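Trainee: Just lifted these from Swiss-Prot, have a look:
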- 1-265: region 'Amidoligase domain' (REGION)
- 13, 186, 187, 188, 189, 190, 191, 222: UTP binding site (BINDING)
- 13, 146, 147, 148, 186, 187, 188, 189, 190, 191, 222: CTP binding site (BINDING)
- 14, 15, 16, 17, 18, 19, 71, 238, 239, 240: ATP binding site (BINDING)
- 71, 139: Mg(2+) binding site (BINDING)
- 290-541: domain 'Glutamine amidotransferase type-1' (DOMAIN)
- 351, 379, 380, 381, 382, 402, 469: L-glutamine binding site (BINDING)
- 378: active site, nucleophile (ACT_SITE)
């Protein structure tokens, strides 16, 4: 039977509930337990798929094609369990399902209310997502006291009561601010946050106190006294220079043992040796490289969270410190490619819309002509293709129909039909809804032997996650290949181009998929590892 740990946050948002929860999950997994994680998001959007990356951060895509909160990326980077569409749902998704059932008549004429109908649907989804694991860690988005969070908090209160104290724990994350003027930390915000939580019927079993420095024992005891939490269950979580230090920090304070004792689980001591190797590599680099990420959402780094992390993971594998320079593609348009001259490699990530596209195309051209290592992801592949078509294949004004519907050379166009991972034919048109209509999730890709990308993966068949609605136009593919661009990966039905590369370039690879979603600190990812290695080589030879 599954045991539940419900995670809530108080005082302020952005305290790192997802990181703290994932770190606890990593320790429990290191003890031999099977662990999964769920994120409950209080916003009314059905999913984050159509939300602005500048507001919400990146959209993380799972193997089964769910467009989810970026916290699921943290979960997959900390534990081996792969997330699915069951691991993240929103208020909008819950209401959509309840209203659908009401229209069908499933409720037999009852008046539909938040309690019990909405809360029952939340509980059903939590139980379904947790099924089959020793422990499920359930994170509730937002902050205690938010109006939007109330149905979720009520649902987890009910579920905790229904499964019993032997199978449910509540973990609350709060801020303990430091006041420089008095030289003191202040516990009052934490006391009030717990008071708010208790007013709705939830007594936390573990308090994780975020602070600038380690909390003195006297302050931990004071918090324990006023919140009715055991002294040993008040965990101090100070700021650290690497999030991968947090599992060891929590284990040192016995957090995993609190969970094991509460649930009566028999398991081994946690083996964190893999995390120790990660920290050693992070602390002992042999050199550093400068990689430019040419994007359009650079004002919010979380918009490219998984790409940032994947580059860091590749740095660990190469024992290199990766300095990531987020460069607005519109700056490349206005200031020219001279702003790229000090870079050791260039990465163009995914994105949508015409704004800044010419800057990305210029960056791809700069990388090609100056033999700078280049990695294109999704849109990054499309701009590389457009650039090559224009400047090498002689297709003047070549473009994507997304940006110029009247282009004389539509080298990239809307995918109108494709086979999904289950073998089902999907059809789209220009008038299809934006939400949930892209080619999504893990897809099989066949790599061409003898290519650089085949060398990187060491395999002819790979699975990578996708999120796009535009693809290479096969009607112009032969003409571009004849000019020297190599198609090095194709979809299962051979109809969609998945990877391209330039054979006479030291390292120029671009893929329609998103390899960043499967990179982890312990394993890295072959494409990113190869890319950062190429950056290191370029740096030695040119800088």
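Using N, Cα and C of the backbone, Cβ positions are placed for all residues, glycine too.
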Trainee: On the Cα atoms of 13, 186, 187, 188, 189, 190, 191, 222, which are listed as binding UTP, what is the maximum pairwise distance in Å?
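Mentor: Greatest Cα separation within the listed binding residues comes to 23 Å.
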Trainee: Checking the spread of the L-glutamine site as listed (351, 379, 380, 381, 382, 402, 469): what is the longest Cα-Cα distance, in whole Å?
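Mentor: Spelled out: the longest distance between any two Cα atoms in 351, 379, 380, 381, 382, 402, 469 is 14 Å.
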Trainee: In whole Å, how far does the CA atom of residue 139 (Mg(2+) binding site) lie from that of the residue listed as 'active site, nucleophile'?
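Mentor: Counting only the Cα atoms, the answer is 30 Å.
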Trainee: So of 71, 239, 402, which of the binding-site residues has the fewest other Cβ atoms within 10 Å around its own Cβ?
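Mentor: So among 71, 239, 402, the binding-site residues given, the one with the fewest Cβ atoms within 10 Å is 239.
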Trainee: Would you mind reading off the Cα separation of residue 402 (L-glutamine binding site) from residue 13 (UTP binding site), to the nearest angstrom?
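Mentor: Residue 13 (UTP binding site) has its Cα 36 Å from the Cα of residue 402 (L-glutamine binding site).
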Trainee: I'm checking region-level scores; what's the whole-number mean pLDDT for the region 'Amidoligase domain' (1-265)?
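Mentor: So the average pLDDT across the region 'Amidoligase domain' (1-265) works out to 94.
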Trainee: For residue 71 (ATP binding site), identify the closest of the recorded positions 188, 378, 381, judging by Cα separation.
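Mentor: Closest candidate to residue 71 (ATP binding site), judged by Cα separation, is 378.
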Trainee: Long-range same-chain neighbours of residue 222 (UTP binding site), Cβ under 8 Å, sequence gap at least 6?
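Mentor: Non-local contacts for residue 222 (UTP binding site): 187.
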Trainee: Using C-alpha atoms only, work out the spacing between residue 379 (L-glutamine binding site) and residue 16 (ATP binding site) and round it to an integer in Å.
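Mentor: Checking the Cα atoms of residue 379 (L-glutamine binding site) and residue 16 (ATP binding site) gives a distance of 30 Å.
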Trainee: Looking at the binding-site residues 14, 351, 380, 469, which has the shortest Cα distance to residue 191 (UTP binding site)?
Mentor: 14
Trainee: Closest to residue 147 (CTP binding site): which of the binding-site residues 13, 16, 188, 190, 239, going by Cα position?
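Mentor: If we rank 13, 16, 188, 190, 239 by Cα distance to residue 147 (CTP binding site), first place goes to 13.
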Trainee: What kind of secondary structure is residue 379 (L-glutamine binding site) part of, going by DSSP in three states?
Mentor: helix
Trainee: How many whole Å apart are the CA atoms of residue 13 (UTP binding site) and residue 381 (L-glutamine binding site)?
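Mentor: Spelling it out, the Cα of residue 13 (UTP binding site) and the Cα of residue 381 (L-glutamine binding site) are 36 Å apart.
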Trainee: Going by DSSP, is residue 139 (Mg(2+) binding site) part of a helix, a strand, or coil?
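Mentor: Strand, per DSSP.
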Trainee: Spatially speaking, which of the binding-site residues 18, 189, 190 is closest to residue 469 (L-glutamine binding site)? Use C-alpha to C-alpha, please.
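Mentor: The answer is 18.
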Trainee: I need the nearest neighbour of residue 378 (active site, nucleophile) among the binding-site residues 18, 186, 189, using C-alpha distances.
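Mentor: Going through 18, 186, 189 one by one, the Cα closest to that of residue 378 (active site, nucleophile) is 18.
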